[in-house]
């Protein structure tokens, strides 16, 4: 009697905790069911313990669309993240189309991130429901949104393929840089995926054993059971074989050796020199004297700019073909805000403000700019459009190299055919040392060689033989096109190479590991602080990490399958 009382007492003590655990589990199931199926009041039907399919035929047909939505959204997000070096250029192109400046690139990044999070949550919720033994039923609203995700991602990927193919070149280069890290990360991801794969394969194996036992007991039903066993085995092969092939591929193939950043330290070239793109446009209004002063303060090797000529033959600095974005022309002469830059007189141009836009939070050119000090704000607000002679003067005083894009005047301009000669005259009058001038314009180059024999002539991405014929040993090229078209040919011919526009550390690291001589950058503050290439490792370190991770992964996967089996 006493023992029976003790047992009843123990049960009464255990009961509240059992009830609490059951309530917590029911709340958990209700929560994931509600999120997935929007059924908060009643539960989904629980499938039988030996059922092969976890959902209806409609759900089976739709589930691949959910997987496709997840895959294309991940691809789109990864491509967009890896092309972060091009965000400013993308925002500028959208500005040209819309006339409104905004960080469209960051807006799209947020959108693509939301799409990935949404589709991945649906996949996780579906797996949790299967694990709990419930049939899948995706709410119709989710199905519409999933199809919308596929359409959105397909639309943007099509836009990239048709109108912005350079994005794919950037994506390919990023894979080169991150190859060893992607390889090691993929091994880790596949190892983590081995748990749900093992769980499902074991579930199928238990189902097959159960069917086999049934066929032994009921020989009459063996004919009906055999096709089910075949389906179960086919499902095991369809899931298990690709998984193990991918795992074997990751274990065996050394992706990292395709990266130029897997290199011994003694073979690493010197750090590329830095040209300030329009000065230091993250610290001051672009193409202003303040911007060039900031670039000099940050140890720029050279200064890059863009040159136009006014209607009265004065060369001045401006990037855009009109004055809307970087001056107050809309306040002074709103009807002429779309007029070509070269059709204004210098007397008027010199009165325009070229810095107020920079301190406006809605017009700042880069999303990751640091806040300006009060002194810098005041100085920026007072900036004017500088003449070419002002730019050459600061370069001469600080002994910096200069390189610029010279924009030819439009038709009916008085210097339409002689603008190069006018600019050369201004350069020679500035008394800057000729070897400091990187001469980029290709028009009237013979005259330039005769008038200024010590200018260093710079070419574009032309064939090596053609550049040699013109006696050019320096090239200024887009980094994407150079790596795509063949860097080795230009390196073998001993060309001095300058890349533009390099803003992200991974692109700068790629240039460094590839022994590039110099880069043109907006982000001079960040790049000057890099003392060693990011994502770089020696071949020995990579191999050791690879083998170590392979061994750990193999043990981990074996343990998971052994535990479940």
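Every residue number used here counts from 1 along the chain in the order it is shown.
Heads up, the Cβ atoms here are built off N, Cα and C, so glycines get one too.
Predicted, not measured: the structure shown is a model, and the values here were computed from it.
Sequence annotations record features per position, and here TrEMBL assigns domain 'GP-PDE' to 272-531. The average per-residue pLDDT of the prediction over the domain 'GP-PDE' (272-531) is 93, rounded to a whole number.
Positions annotated as transmembrane segment by TrEMBL: 61-81 (among others).
What TrEMBL lists as transmembrane segment is 101-130 (among others).
Annotation comment: TrEMBL describes 137-164 (among others) as transmembrane segment.
Per TrEMBL, the feature transmembrane segment maps to 184-202 (among others).
Annotated transmembrane segment per TrEMBL: 237-258 (among others), in sequence order.
Here TrEMBL flags 543-563 (among others) as transmembrane segment. Taking Cβ pairs closer than 8 Å, the transmembrane segment (543-563) reaches residues 183-184, 187-188, 190-191, 194-195, 198, 201-202, 247, 251, 254, 256, 537 in its own chain, all 6 or more past its ends.
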Outside the transmembrane segment (137-164), six or more residues from its ends: residues with CB under 8 Å to it: 36-39, 44, 55-56, 59, 62, 65-66, 68-69, 72-73, 75-76, 79, 90, 108, 111-112, 115, 118-119, 122, 126
